[in-house]
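Engineer: The structure is given below, and queries will be raised subsequently.
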Ligand SMILES: *[C@@H]1O[C@H](CO)[C@@H](O)[C@H](O)[C@H]1NC(C)=O
Ligand SMILES: *[C@@H]1O[C@H](CO)[C@@H](O)[C@H](O)[C@H]1NC(C)=O
């Protein structure tokens, strides 16, 4: 399925044999993240939840939007290189205060059933759509997870595709779109250390609460990192993992990326080489666009004072990221190119979810608690997971990873879809393309699963010659250890 002419991949796999795989971290599935006094109550009910935009909240928001100070004009001849162009802000504030149809939008937001349930001390919010199916059709659960600065609303346009019955399939998907803890209407932790690994446990427990001991997953952005952790910790529960932002941080892949700067053909297919190289382009993009990341990974609460208090500040901060995440070159546009891909309503709905739930501060902390020495010391990206994975790589996603490199983490990588368009906010930009890719992945995960049931007792699920070789090398490693 994948070409195997990347000889560097063999060297890296060989080197990996000499690097100790870190142990699986100890997982406490009952770790308490909420206020301590709630621990004696332990409410396990699942409560229906409805989003409200009430009159006092709207009045207060409008007041703030109408009373911003004069914006400092942008520098002459600039687009959004210095940050979101200030000339553009007033028209957005006017739209948000005067034209945004609050009541229509809240009806739209509530069109799918939403719930909250308390997991490990935190109220977790989610949408759950259970399709009605004819007899003989199996319903399979799929947990989908957004990232920052997005929300569960990103997945609304996917839900009809995912939950529809097709004559070509013997299954239909039940969608659970959760809000990451700390985001939207999900509570954030009340003490430090609640990183993506801990979120993976909470969301896995959510699936158990809903009666799903085994399920499929899809993740974007942070949601993808959480799901990767979930697949690492619970390989017998995650039946398949689909990611639109496959990333791994490990010394071996970093080494390979650097070697590829000199010899790209050793690392990546020529057709997509320009997504990785020259490395200097990639690194300068990362430095230019990740200021927010560094800020939130170190002092999230300081900037969150401004974002929580000023809707104008929140809008500019989010729009700048959505703009360059969509197309890096939109930094040169004053309007950030936003309306080329999204409707005004969509963009403001996303802001409203953060504003109405007052969650921008708790959401921002995901960076600090996941980009931490504690989390990095676990080295979860260096622990291979046996869960079958499928990756979708959009052209303008932040980074590209060659399949062989991703196999260091997910040896059972089933397929890679390469798009020649699309950016980081793919669920909003190309919902049908994404949903159909997820369905194809689930079809394949199920096929392999049924095949696997017939052939018990194989530890290495072989998908390509390359993985064959990995299995063989692992075998030699064991022999080697036995001899010493
Ligand atoms: C209105 O909504 C806000 C936030 O969404 C909430 O804090 C407030 O308590 C609500 N007020 C009423 C009267 O329901
Ligand atoms: C893998 O992905 C490619 C490109 O999207 C597609 O043509 C192919 O059918 C997929 N393979 C499987 C087994 O689904």
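A Cβ is built for glycine as well, from the same backbone N, Cα and C atoms used for every other residue.
According to TrEMBL, the protein carries these features:
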type	residues	note
ACT_SITE	221	active site, nucleophile
ACT_SITE	367	active site, proton donor
ACT_SITE	424	active site, proton acceptor
DOMAIN	46-155	domain 'Epoxide hydrolase N-terminal'
SIGNAL	1-23	signal peptide
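Could you give the neighbours, burial and distances for every feature on this list?
Structural biologist: Listed in sequence order, 146, 147, 148, 150, 245, 424 are the same-chain residues six or more apart from residue 221 (active site, nucleophile) with CB atoms under 8 A from its CB.
With a 10 A radius on its CB, residue 367 (active site, proton donor) counts 20 other CB atoms from all the protein chains.
DSSP classifies residue 424 (active site, proton acceptor) as coil under the three-state reduction.
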Engineer: Residue 424 (active site, proton acceptor) has how many other Cβ neighbours within 10 Å of its own Cβ?
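Structural biologist: Its Cβ has 23 other Cβ atoms within 10 Å.
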Engineer: Can you give me the average pLDDT across the domain 'Epoxide hydrolase N-terminal' (46-155), rounded to a whole number?
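Structural biologist: Reported value for the domain 'Epoxide hydrolase N-terminal' (46-155) is a mean pLDDT of 97.
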